[in-house]
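Colleague: Marked as transmembrane segment by TrEMBL: 26-43, 55-76, 82-103, 115-132, 138-157, 178-198, 204-224.
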Amino acid sequence: MLKQRVITALALVTGLLVALLWFPQWAWLCLVSVICALGAWEWSGLASQIRATRVVYALGAGALVLGLGFAGGVGGFDGQTWILVLAYLSSVVLWFIFVPLWLRRGWGGSTRTAMTVGIIVLVPSALAMAQLRAVDMMLMLFALVLVWVADIAAYFSGRAFGRHKLAPSISPGKTWEGALGALAGVVVCGTIGFLLLVSPTPGIATFAWLVPFLAAYTALSIIGDLFESLIKRKAGAKDSGTLLPGHGGVLDRIDSLTSTLPVAGLILVWLY
């Protein structure tokens, strides 16, 4: 299982790096829209939709990313940044207000609510992926690497030291030790990345905001993972799909990105 997981991960990373380095921006936006459409297909499956509805939903989500992406200026042409801001704010409201409530009290939303939430989960994160790459390719890669580090560190530290369950009713395999391992990994790698990409000689004041930011980024990535686990548990599914051997579906690989990238995109708009 681990061998298949590693092989699939290497193939995904290789393909992503090729696209990240050599695709023109409009082609990158198209790729991101395809990823969003695949995620929407799986999400609607978890919401027990019939095939025809899933097709329409997936195509609609992908088209929405393309339309908003070009209109928002992340498709290689000029656009209106406020479009991106509205998308990111809708995501922030979801992740900071509604998702914590659902994780605490359980998911009781209707099918219509689930389908609406799916769009808010997927579309802003896809737009953020396009925007980060349009502004700075290394920034895009940095945002992705932090989430990957959190995932890998949580997996191995949880396997090695995991004793105390993080959310047993949602995802029995996740532990507080794994979460702390993710936090440590992200803080170390995030600090190294900041030193290499931003400032090699930061002051104490820099670390006063950098470490809390990295901690919050880690927490958001875990929340994204837990929320997808909650939706899968409600649907009675182990994985969101079968497209990626050893990993499950597309949602299983981007769950943490859906909660972190919109926040990164919103900060990027504020900074630039």
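Please read every residue number as a count from 1 along the shown chain.
Even glycines carry a Cβ here, placed using N, Cα and C.
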Colleague: Flag the pair the transmembrane segment (55-76) / the transmembrane segment (115-132) as in contact if three or more Cβ pairs fall under 8 Å (sequence separation 6 or more).
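Modeller: The answer is yes, given that the two segments have at least 3 Cβ pairs within the 8 Å cut-off.
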Colleague: Counting only residues 6 or more past its boundaries, what in the same chain has a CB within less than 8 Å of a CB in the transmembrane segment (204-224)?
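Modeller: Cβ under 8 Å, 6 or more out: 95, 99-100, 103, 146-147, 150-151, 154, 166, 174, 179, 182-183, 186-187, 190-191, 194, 255-260, 263-264.
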Colleague: Check for me, if you would, whether the transmembrane segment (115-132) reaches the transmembrane segment (26-43) - at least 3 Cβ pairs under 8 Å, residues 6 or more apart in sequence.
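Modeller: In this chain the transmembrane segment (115-132) contacts the transmembrane segment (26-43) - 3 or more Cβ pairs sit under 8 Å.
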Colleague: Counting only pairs 6 or more apart in sequence, are there at least 3 Cβ pairs under 8 Å between the transmembrane segment (138-157) and the transmembrane segment (178-198)?
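Modeller: They are in contact.
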